[in-house]
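Report on the structure given below.
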Amino acid sequence: MMETLCKRLSACQDAILELYERDSIHLSDHIDHWKHVRLENVLLHKAREMGLQSVNQQAVPSLAVSRSKGHNAIELQLALESLNESSYNTEEWTLQQTSWEQWVTDPKQCFKKGGKTVEVRYDCDKDNTMQYVVWTFVYYWLEGKWYKVSSHVDYNGIYYETQDNEKVYYTQFDRDAKRYGVKGIWDVCMGGKVICFAPVFSPCEVSTPEIVRPLHTSNSSNAQDAGVPTRKRHRQCDPDEGPLDFVHNLQPTTDSSTQCTLHNVAPIVHLKGDKNSLKCLRYRMHKGYSHLFNNVTTTWHWTNNTNSKCGVITFMFSSTSQQKQFLQCAKIPPTISVSSGYMSI
């Protein structure tokens, strides 16, 4: 039995060596390669079970090692067989592109082609850099089908867009910024272009951002449906004003002699734009400037909004003076639109 095992292992390894030397660009050959790798580890696993320390002057790995490598070979063989049944089977595929090492490189369990280097300078320091790979093409599996998409880079990280226009980040720079930097900022350099850190806030001398349109809200249920927090606030008002039927009729006054308490009104600011940009903007505001607002929503959108990429976040303030300070001190990116007003709560 030992002699048979030795012969089969030798024949299997010869076939693997031949496939390496062939340097094929066809999926069928790479599938054959992983079949032989799988068989090789089955034979080595059996040899270890038989108590053998070496076969054909080759050290026999532990049971755990041969089992793990065998499972890896099965995983890649099945992935390549399904890829071979797709429309991408006529493309050229190299041994490296179908290797286990590249299969588990981010984005994991995807095939990748055309790697390019992007450099990130943490703390915007050219002596504190890291290099990452941006793949020209990413092949991902979803619901029984392979899709081919491109990778992109922005300030947040490296991502690809799915067929549903969803961004899937497989590298996020803020995570490494905590490890390699102290300021929480970085520059992204690629192809002669630099994406720099754009501060959320500047000194209060900065002019107020352009107001796109005033916000008029007369029904508290609309705001609640949108996920806006409902907390009572106090503000100044004219005691001669009538019932609060329409919030946009409220005109705050600074006359201390005419103070009254309204329990159902709060100043707010809507920021509207790309969902991922809003998420990063909210994160940076929470991190260092939470004193300039009282509360903030998650990203939300109106139910009749057909633009799936566009979202809104709403900031709530305890007073009109805090709202004014926010608008004066906030440096909102030009891609984000601003709406301010009041909301009944």
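Cβ from N, Cα, C; glycine included.
Feature annotations, reproduced from Swiss-Prot:
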- Lys272: SUMO cross-link (CROSSLNK)
- 1-202: region 'Transactivation domain' (REGION)
- 215-237: region 'Disordered' (REGION)
- 266-345: region 'DNA-binding domain' (REGION)
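Counting Cβ atoms from all protein chains shown, Lys272 (SUMO cross-link) has 18 others lying within 10 Å of its own Cβ.
When pLDDT is averaged over the region 'DNA-binding domain' (266-345), the result is 82. Note: the region 'DNA-binding domain' (266-345) comprises 27 helix, 28 strand, 25 coil (DSSP; helix = H, G, I, strand = E, B).
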